Structures are given as structure tokens and as C-alpha cells.
Amino acid sequence: MEKLLSGKKILIMGVANKRSIAWGCAQSMLDNGAELIFTYQNERLKKSLLRLIPDEQRLIECDVASDSSIENAFNIIDQRFGKIDGIVHAIAYANKEELAGDIMNSSREGYALAQDISAFSLIAVAKYGVAILNNPASIVTLTYFGSERAIPNYNVMGVAKAALEANVRYLARDMAKYGVRVNAISAGAIKTLAVTGVKDHGDLLRLSEERTVDGKSVTTSEVGGAATFLVSDLATGVVGDTIYVDKGVHLI
Ligand SMILES: NC(=O)c1ccc[n+]([C@@H]2O[C@H](COP(=O)([O-])OP(=O)(O)OC[C@H]3O[C@@H](n4cnc5c(N)ncnc54)[C@H](O)[C@@H]3O)[C@@H](O)[C@H]2O)c1
């Protein structure tokens, strides 16, 4: 039987382990018939990814801090798989000391690093990715409500997420001529590796959980469902948007 993503090749960037939001996206897309390719940040994460996807051909190194690493990854994907239909960008990073206390104590370097890895990287991925994206295609990134509200300790990452959401709008405008839609999912707080970098993340997770409509955290599989929709042909009218998948936390 034809599935929602049958015949679509999707690149998943940002699986660190089975708790990763990117892994929730991958599972939902596999269930819906997609063929997947993955990038990993470094050799250490490759080992972790190999346990989930024991198919080395589909795993390609890509450190988004480096243009040449991104360009090289897309060249390899092109050679091995040809054109692709979508990219899930589920990548963010800030130094731990920037995710604690008052934002005025942020360092210039720490602020720039958070912007580089968490916001600029989407532009770089779009730039090198466009050559191997089909027309139509879809790019989805992951953001958080800390872009709009001053969430304790989230600091430079909140500012990077605000920039990321603006990047989505500008990229959506400029990539339309290539038939590429660009959108973001604003996911509710989920306990992943990335969240544990935020000081008092237990409070952040608890607060967020208490404010969901049913008192339970959103899951990576629920976020994956929305990502599946956004890369599918059901979402051709959704362009440059940020869709909340947080069980109502942003409303309450
Ligand atoms: N967990 C949450 O509560 C939550 C909520 C909303 C949005 N998000 C966002 O979801 C995305 C995925 O995070 P997650 O929570 O699944 O955590 P995660 O730690 O599982 O994933 C983060 C990924 O970013 C990758 N990464 C970091 N620096 C990189 C670099 N230089 N090059 C390539 N990859 C790099 C890591 O290798 C890792 O795979 C992030 O953008 C995060 O901000 C998370």
C-alpha cells in the first residue's frame, strides 16, 4: 500500500541517541514509508547512531560548524543517493556556562557559537542542500518557545532560536523559486541530551509538563508526526511557518 512518504528520501540531521527529537522524526518517517539518510556530528556520535541504524552507507559525517564539512556531506549524499526530498535540521549547541544565570554574563564567544551552530547552520545547510533537493522539497527545523519568552537559564539559546525562526521566514521566501518549503516546529520541552545542558533543566521540564493540556510532556514521536506532515505533500500550503507541537504550553 502507498504510504504518505512513499518514494521520498529524507535527510535527518541531529540524531544523538534514541531520545533525540530527530530520532522521533526518523521513526515516524520510516513508518510512513520514507527512505532515510542520516548525518552525525563526529565519530563518537557515529557509534551511537550505528546502534540505531546499522547501515553505514546511510550515515554521513557533517559538522555544521564547518562549511566544507557540510559541502562534503551533501556531495557524498548526491553520489550515493541522488536527489532528496527533504531535510530535518534538529541541531543546536551552546556552551553549558551560557545556559545558566543572567544573560548579561554571556560571553561574546559563547553568544556567537550558539548563533553559529543553532541558527546560521540552517542557512548553510540550505545553501549546500539546495543543489540536491528535488522540486518540490521541504526543510524542517526545530525551535523552542524560549525564542518568544524569557525562559530561566535558556539565555543565548533563546536568542538563537529567535534568529532561527527568522531564518525560516527569509529562507522560505528565497527558496520558493527552487520549490523548497521551509518551516519550523516549536516543540515542547522533552528530556534529551541537549536539554540537560540547561541549568535546572528539571524545573524547566516540570514547569512545561504541568502546563500541557493533559499534564504529560509532548513526546518525540508526536513531534515526529508533525515533521512527517511538514515534509509530506499534505503540507504544500505551509510555508515559512513555526508550528507549535507542545500540547498547548504556549497558550496557557
Ligand atoms: N528537547 C527539547 O526540549 C527541545 C524543545 C524544542 C526544540 N528542541 C530542539 O530540537 C533540536 C534537537 O535537540 P534534541 O533536544 O533532540 O537534543 P539532542 O541532544 O538529542 O540533539 C541535538 C543534536 O545536535 C547535534 N549537534 C550539535 N552541534 C552540532 C554540530 N556542530 N554539527 C552537527 N550536529 C551538531 C548533536 O550531535 C545532536 O545530535 C535542537 O535544535 C533543540 O534545540 C529541543
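Placement of Cβ uses the backbone N, Cα and C atoms for every residue, glycine included.
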Identity of the NAD(+)-site residue among GLN41, GLN115 (reference: GLY14, SER20, ILE21, ASP63, VAL64, ILE91, LYS161, ILE190, LYS191, THR192, LEU193, ALA194, source: TrEMBL):
GLN41
Spatially, and counting Cα to Cα, which of the recorded positions is closest to ALA94 (substrate binding site)? Options: TYR154, ILE190, THR192.
TYR154
For the C-alpha pair, I'd like the distance in angstrom between THR192 (NAD(+) binding site) and TYR144 (active site, proton acceptor), rounded off.
13
Helix, strand or coil: which one is ALA94 (substrate binding site) in, per DSSP?
coil
Look up ALA194 (NAD(+) binding site) in the DSSP assignment and reduce it to helix, strand or coil.
coil
Collapsed DSSP category at ILE21 (NAD(+) binding site):
helix
